[in-house]
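Student: Mind looking over this structure? Questions follow.
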Amino acid sequence: VCLRFSFLLPLPPTTFVVEVSLLTLKFLWFCSPGYCKAPEEFPFAKPLTAINESEFPIGTSLNYKCLPGYSENTFSITCLENLVWSSAKDICRRKSCGTPPEPINGMVQIITDTQFGSTVHYSCNEGYRLIGSPSAACLLLGSTVTWDKEAPMCEKIFCPNPPSIPNGHHTGTSWGRIPYGKEITYICDYQPASGMIFKLVGESTILCTSDNQGNGIWSGPAPHCEPAACPYPPKIHNGHYIGRHVSPYLPGMIVSYACDPGYLLVGRAFIFCTYQGTWSQFDHYCKEIKCILPEFMNGIQKKLHMRKVYHYGDNVTFECEVGYTLKGSRQSQCQADDTWNPPLAVCTSSKCSCKTCRSFLKKSTSMANIWLLRKKKKRIFKRAYMTPRTCTLFYHSIFFKILFIHERHTERGKDISRRRGRLPAWSLLWDSIPGP
């Protein structure tokens, strides 16, 4: 070690002086031997002799021996001229415990190595749980090293018996203990005696799995069986349900229907939910209400312009032609059941009928006065001579072969004409009804 001084001091015997001249200045360097500080303790070795000094001169050597758990070596370190100790790296090597055995159905995980001071971890394959310590350390035992714990065991995981459900069963009944990874399926029972069907609510399949502690548990709760419910009831055209929707529609529940105004319900007014989860036969419908007038209505005024079809709530009013009498109510209304209320009236008359025509023709030659109703409700008098077998009946009309004697107010008197023809019975009015 050298120091620079600008004045003279008493020098120790090992000191040497170097004179340095720089320009006109003179410096004196005083140099003495160097020292290493006491070395730090090694975790893998200990000195053969106690180290009591705090520093050591250059060239000093210290002897060490490797600690147990390390290779049985001795070595020394020296204080170098740069005032540091020589390296002791990799002189004492850790002893190895060897690769630990793997557990059956498991594995060992080596974090760094298997030498003295290291730790390894154990784990089990899926479906198995660890019985024993999950780790082991390579430690000193006497003069050698070994693993402080034995390898653990890996035990197969089993789940508890799956829960039973009312009105159903599962597929794991015959398995006994159910191993990890096994699935079981739940099925609802069918009761043929009652015909009842149950529907599964929830997940039909559950899986045997495990929790963080390796205990066997089921992946979810068991489902349950409930009577099969019916879907929403079908809609009806031109009608509606009676009441509100419910959920669910269980077997035995009834839904009633009603038709909108102007429509009539045909069929049963209700359906019910069966034990099979379906609705009973849906065979009803809403029919439009229509009241029909008869095609032939004798004596009804033609100017009334009657329609063939009337709807619910419509009214009709009747009037009869001259020579007819209204029998029944003058007005009637179309009801909700396709009927008229009051019942339709009819027009009755004393005009010619088929019966009187037959009676008239029983004689060999007959003559009768006939009133023929014409336009404007006027009566035109005609005297008809009718011969046998010339009057036939067809749709309330009288076919005739007749001699007409027209009464004229002329100088020539009576005008006689002969012709065949057809007169509807309702247009004839006998002046006198022939005898039998």
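Every residue, even glycine, has its Cβ placed from backbone N, Cα and C.
Unlike curated entries, TrEMBL annotations are predicted automatically.
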Student: Could you tell me which of CYS334, CYS347 is bonded to CYS320 by a disulfide, according to TrEMBL?
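Tutor: So the cysteine that TrEMBL bonds to CYS320 would be CYS347.
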Student: Which of these links to CYS79 by a disulfide bond in TrEMBL: CYS36, CYS97, CYS124?
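Tutor: Of the listed candidates, TrEMBL names CYS36 as the partner.
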Student: Identify the disulfide partner of CYS259 as annotated in TrEMBL; candidates are CYS230, CYS286.
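Tutor: In TrEMBL, CYS259 forms its recorded disulfide with CYS286.
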Student: Could you identify, going by TrEMBL, the member of CYS291, CYS354, CYS357 that forms a disulphide bond with CYS334?
Tutor: CYS291
Student: Give the number of CB atoms, excluding that of CYS259 (disulfide bond) itself, located within 10 Å of its CB.
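Tutor: The answer is 22 other Cβ atoms.
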Student: Counting across all protein chains shown, how many other Cβ atoms sit within 10 Å of the Cβ of CYS36 (disulfide bond)?
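Tutor: Taking all protein chains shown, CYS36 (disulfide bond) has 22 Cβ neighbours within 10 Å.
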Student: Have a look around CYS230 (disulfide bond) and count the other CB atoms within 10 A of its CB, chains all included.
Tutor: 20
Student: Taking DSSP as the reference, which of helix, strand or coil describes CYS291 (disulfide bond)?
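Tutor: SS state of CYS291 (disulfide bond) = strand.
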Student: Whole-number Å only: compute the distance from the Cα of CYS347 (disulfide bond) to the Cα of CYS291 (disulfide bond).
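Tutor: Rounded to a whole number, the Cα-Cα distance is 19 Å.
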Student: Could you break down the residues of the domain 'Sushi' (34-94) into DSSP helix, strand and coil, giving a count for each?
Tutor: 0 helix, 24 strand, 37 coil
